[in-house]
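Note sheet for the following structure.
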Amino acid sequence: MMNRFDDMPFFGDEPEPAPQRAVSGGSIAARAMAQRDAARAAPDYLDGLNPEQREAVETTEGPVLVLAGAGTGKTRVLTTRIAHILATGRAYPSQILAVTFTNKAAREMKERIGMLVGGAVEGMPWLGTFHSIGVKMLRRNAELVGLKSDFTILDTDDVIRLIKQILQAESVDDKRWPAKQFAAMIDGWKNKGLDPAQIPEGDARAFANGKGRELYIAYQNRLLTLNACDFGDLLLHPIRMFKKHPDVLKEYHERFRYILVDEYQDTNTAQYMWLRLLAQRSSPRSFSPREGGMPGRAEGGAPRRNASDLPPSVASGDISPSRGEINKVNICCVGDDDQSIYGWRGAEVDNILRFEKDFPGAKVIKLERNYRSTGHILGAAGHLIAHNEGRLGKTLFTERFDPEHDKVQVHAAWDSEEEARAVGEEIEQLQRAKHKLNDMAILVRASFQMREFEDRFVTLGLNYRVVGGPRFYERLEIRDAMAYFRLVCQPADDLAFERIINTPKRGLGDTSVRALHDYARARDIPMLAAAADMIETEELKAAARKSLFNVVTDFRRWQSLLENTPHTELAEQILDESGYTAMWQNDKSAEAPGRLENLKELVRSMEQFESLRSFLEHVALVMDAEKNEDMDAVNIMTLHSAKGLEFETVFLPGWEEGLFPHQRSLDEGGRSGLEEERRLAYVGLTRAKRRAHIWFVSNRRIHGLWQSTIPSRFLEELPLEHVEVSESQNSNYGGYGRNPYGQSRFDKQEPFQNTYSTPGWKRAQANRTDATRDNWGSRSGHQVERIGYGESGPRAKTIPGELVAKSTVDVPSQFSVGDRVFHLKFGNGNVSAVEGNKLTVDFDRAGQKRVLDGFVERA
DNA sequence: GACATTGCTATTTTT
DNA sequence: TAGCAATGTC
């Protein structure tokens, strides 16, 4: 057997099994902590924990589910728990498996554990993301799944290029069946833990005239030939390995005494399977993922009420916790079902809803004491989320309720421009009151919303930062440079080869590359090797051969330098000698200097790694952007990327039907889609510590067309007692034709009205009933049921799926060129062109605009 | 190989 | 509308 753990440093350096509460052996830090523990009744790391948190920390044995609401000290519990396990000598650092989703979370956890236990955290090799731990396991035993231990990790971009090649090879029309789409399908299957043989027949047929399965197989084969993995494989290969080689799994079972999982509500089926295998101490029966559709995410859109209605899951069917031995597993999952917002990416809320069934005898601890937000914010968020049915049910509370705190403010604006302007004013107002911009965030549903705010802030000269977006390692020049490095380290990396063989231009165009490709495929050798061969043959033109000869000798030279040259030096050398640096130096375009700067930064960032190889590994998994937190700036980001963050003041624009909840979620996800949107709203609100401002507009431009919009149903789900509706005084919301550029409402000291009866609100309501009168029900065929709730608050109205008029071209317009029309926003004008139901109108005052005919009437 | 033209699509995003 | 990607033209 190749899985010899004894040559793994972290397996060999400590006695095994760990003695319970032993004070001898183990790391010095752990020993010191244990001694201190013995000396004192309650170690000081437990200070300041509330009773529930303390229980979550101290219940170390058996399965534990910590339901940690927003702002209830989740990370603190997780890190203190680990510190506690170490300090009491229950396990050595290397016997704890602690998994997170993001590198950021892993880093943060490591840091905070370090603060509690000092250097012992360095001995925790199994603290990391699902993927990085997966890689670690795979590198150890790669040959068991047909890989070599130096396999490459492909990112999304590589994967798409690879699939393109496969589609071409199989002569699939990649216009009709885009590679991107197939990459998404494969990703989806892998999220569910499905091998080609296990994908649902329907899925297999749905792509490329039924070739789905075949192509998936071809893709997997290609990956093996390339000695490469995609992200999904980093989990699936270990799962396969565990299933095929119980002895390997057993070693891990003996190794991990404690398993901790962060953000459990975000785990997908594959991650769940992986965890179950590792958590399963009794000898597992043969195990295969369930065939057919995915569990959980409602196929028919039927709402899932509670865990007991759930269909037999992947795991409970196949690796059931037999004979109660599962109880021995000390697994602790921390999560919040109300913050599950990644269902669309394969996350299974059911995993958390089902925990107690999966782990009989599990202890469930709820953390509901919130340390972040004011009572009003919690009240509003709690009332909103209570409209969801598929939840475990928590109610956050705070002990510092202060009637002086602001209620959640709901604002109406005429259009997105005014929305941005008003938010800008509010921010400046806060700024004048000495609030820091860093403490404010604008959280949008979709990134196109950001632009309006950016424009406005540029005009105002207000600092802002966009969080998320394109990352450093995704930039063109970085990916090119990385391809060079990859190819030097791994001559078989054909994807890297193809990426850079003609970058910079070397006269090796499509024809040469195709010839190389064919030659390589025919002989089953890497393209770089093929290139070396083809220098000798007559197949290519002399110029191309010469060029190829140079490239091949370059790579040979660089490879020979790999072991003995400092890697930063080698990297610079590669970039210079390949002509890549020169290429950008000669480039006259505006972005060229920036790209050169990025390349320098890339080399600089390599310094902290010991070799080119370890750097490559880091980049493949830890794609992190640099951030400038020293600047005081307003944060702009999507609601998704705001999860886990907190701000004094949060602005939540765009609460309109169709945008939020997003139409597509409604159409594609039905009821569960709506609930996920609602959780997103909940996440948004609970990011706020003191102030939350929600906005909705009555007109928004979508794809260049102005559309009338309706306030989000979520607004109606907010409780009156915690919400204040304040219409900006200068808003000409509903008041046609008034100058929107009036004085700021902050200049007037009129008190905001705090009921739902302001004229604007009423108009919004009227607007809503009009627009929703017909077309009941969404495309997916179900209606959204009435969501009733007792006590106070407005009655929830039922809002159907199709609220925003669709811009369907096939509906002929009732208008024709020359008609005189009236539009709410733009006034009177003449129709100058008609295209389906889209009109081009020359407005008397507003100029030429394109509008949907539903929004104009005959003048 | 550089540049213009056409066509298409249009959430959320980590690893 | 706008931004991108994949063609077409010289």
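Glycine residues also receive a Cβ, built from the backbone N, Cα and C atoms like all the rest.
As the structure is a computational prediction, the values presented were derived from the model and not from experiment.
The range from A:1-22, A:155-176, A:419-440, A:551-572 that TrEMBL describes as region 'Disordered' is residues A:1-22. Among the ranges A:245-272, A:357-384, A:413-440, the stretch that TrEMBL annotates as coiled coil is A:413-440. Within 8 Å of the centroid of the Cβ atoms of A:Ala68, A:Gly69, A:Ala70, A:Gly71, A:Thr72, A:Gly73, A:Lys74, A:Thr75, where the record puts ATP, the same chain has further Cβ atoms from A:Val77, A:Asp336, A:Leu367, A:Asn370, A:Tyr371, A:Arg372.
Cβ neighbour density within 10 Å is lowest for A:Thr75 among the binding-site residues A:Gly69, A:Gly71, A:Lys74, A:Thr75. The Cβ of A:Ala68 (ATP binding site) lies under 8 Å from the Cβ of A:Lys74, A:Val77, A:Val334, A:Gly335, A:Asp336, A:Leu367, each of these being in the same chain and 6 or more residues away along the sequence. In the predicted model, residues of the domain 'UvrD-like helicase C-terminal' (A:375-644) average a pLDDT of 89.
In the structure as shown, the Cβ atom of A:Ala70 (ATP binding site) sits within 10 Å of 26 other Cβ atoms. Here A:Gly73 (ATP binding site) comes close to A:Leu49, A:Asn50, A:Gln53, A:Leu367, A:Tyr371: these same-chain residues lie at least six apart in sequence, with C-beta atoms under 8 angstroms from its C-beta. In sequence order, A:Leu367, A:Glu368, A:Arg369, A:Asn370, A:Tyr371, A:Leu396 are the residues of the chain that are 6 or more apart from A:Thr72 (ATP binding site) and have a CB within less than 8 Å of its CB.
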